[in-house]
Amino acid sequence: MASRPPLLALIPFTVLLLSSTHSAANPFFGFGWGGHWGWPGSGAPPAGSGQSGPSYGAPANGGTPISSQSSYTLSPHYYEATCPQVYDIVLSVLEKAIAAEPRVAASLLRLHFHDCFAQGCDASVLLDDASNIVSEKNAGPNKNSLRGFEVIDEIKAKLEHSCPHIVSCADIVALAARGSTSLSGGPVWELPLGRKDSLTANINAANTQIPAPNSTLQTLISKFNQQGLDEQDLVALSGGHTIGVARCATFKQRLYNQNGNNLPDATLESAYYQNLKQVCPQRGGDNRITPLDFASPARFDNTYYKLLAYGRGLLSSDEVLYTGSAGNTMKLVQSYAQDQDLFFSHFASSMVKMGNINPLVGGNGQVRLNCRRVN
């Protein structure tokens with residue numbers, strides 16, 4: 001095990017075992033959530049966010065075009081005339097949901113990621129099984145893991161009451177991810193809207209395109225490049241792990257058999273390793289959960305990157321951003337650890353890029369009346 005000096009300015013490490021159905025009882029999640037920052041109509045982006053007007057639809061360097069659909073483009077003003085109250089409705093539901101269960105903020109952020117990486121940002125991940133639909137919810141990365149569907153349902157119901165058949169489920173997922181980030185203390189960004197909802201799901205894409213928690217750095221870079229995203233996007237978007245939790249099943253191999261030799265991952269800091277073993281035994285306990293960022297698990301900040309530099313990243317796919325030999329990810333981790341404003345700025349830009357992966361626009365797709373099934 002790696003032995004490293006104490007991490008200054010962070011609270012002592014304590015892993016608290018949580019029930020997956022009572023996660024709100026974790027005292028880690030007692031942080032205040034603050035007000036909303038910079039939503040349309042509330043002024044400029046927050047001080048220190050580093051935000052400026054992003055570019056929508058530009059392909060990543062070296063990647064494929066993010067959106068290939070003709071002259072239709074997403075716009076932050078898409079609902080200005082047809083449903084101007086969309087932002088207030090989304091925010092009101094999020095505030096209530098996150099206050100009741102802070103963990104849901106990370107769940108909604110993850111939902112957007114898993115939607116976009118399988119078939120594009122088209123709300124295909126929300127579809128339930130049907131006669132002609134094999135739900136992405138049954139894919140390996142999603143089954144018994146992806147959460148937040150009920151929050152999306154509630155937002156959709158309220159929007160259908162106020163603006164019938166106007167706001168797509170795909171846009172609701174994107175808005176929920178932005179709102180969850182902001183309400184957790186993170187940045188806000190001008191969000192392009194106008195996505196339509198898919199008529200199909202793609203369980204094969206969900207199984208093959210979403211990076212696994214034990215991915216190597218080269219695999220992560222490759223999977224992001226396939227989506228038109230680059231190394232900066234990879235490291236910035238991974239910072240979403242500054243909030244939320246992970247199940248033991250997603251990182252247990254690091255504790256007991258990282259390389260098939262019945263030994264732990266040598267990059268784990270010693271005290272962190274010992275505490276994780278108390279939560280995740282070698283046999284059983286796969287559904288036990290622990291924070292991805294134990295120092296500030298309910299606060300969106302740059303502590304995640306500080307932990308990586310001390311061998312205290314929870315998932316292999318987190319720690320390899322610092323220890324992997326491919327690319328320049330270590331330098332980005334160090335930069336974000338030193339400069340939270342830089343992280344916030346890059347995270348916001350990367351969220352816009354990710355949100356523009358193959359959206360259905362114009363006459364493509366539909367606006368579902370119920371996010372769980374096609375019209």
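Cβ atoms here come from the backbone N, Cα and C positions, even for glycine.
In TrEMBL, annotation is done automatically, which means it is predicted and not curated.
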When you check TrEMBL, which of Cys83, Cys116, Cys121, Cys169 turns out to share a disulphide bond with Cys163?
Cys83
Tell me which of the binding-site residues His241, Thr242, Asp293, Asp301 ends up closest to Arg110 (site 'Transition state stabilizer') in space, Cα to Cα.
His241
Output field, Ca(2+) 2 shell: CB within 8 Å of site CB centroid, site Thr242, Asp293, Asp301 dropped:
Gly239, His241, Ile243, Ala295, Ser296, Pro297, Arg299, Phe300, Asn302, Thr303, Tyr304
Cβ neighbours within 10 Å, counted over all protein chains: which one of the recorded positions Arg110, His241 has the most?
His241
Inside 10 Å of the Cβ of Asp301 (Ca(2+) 2 binding site), count up the other Cβ atoms and send me the figure.
19
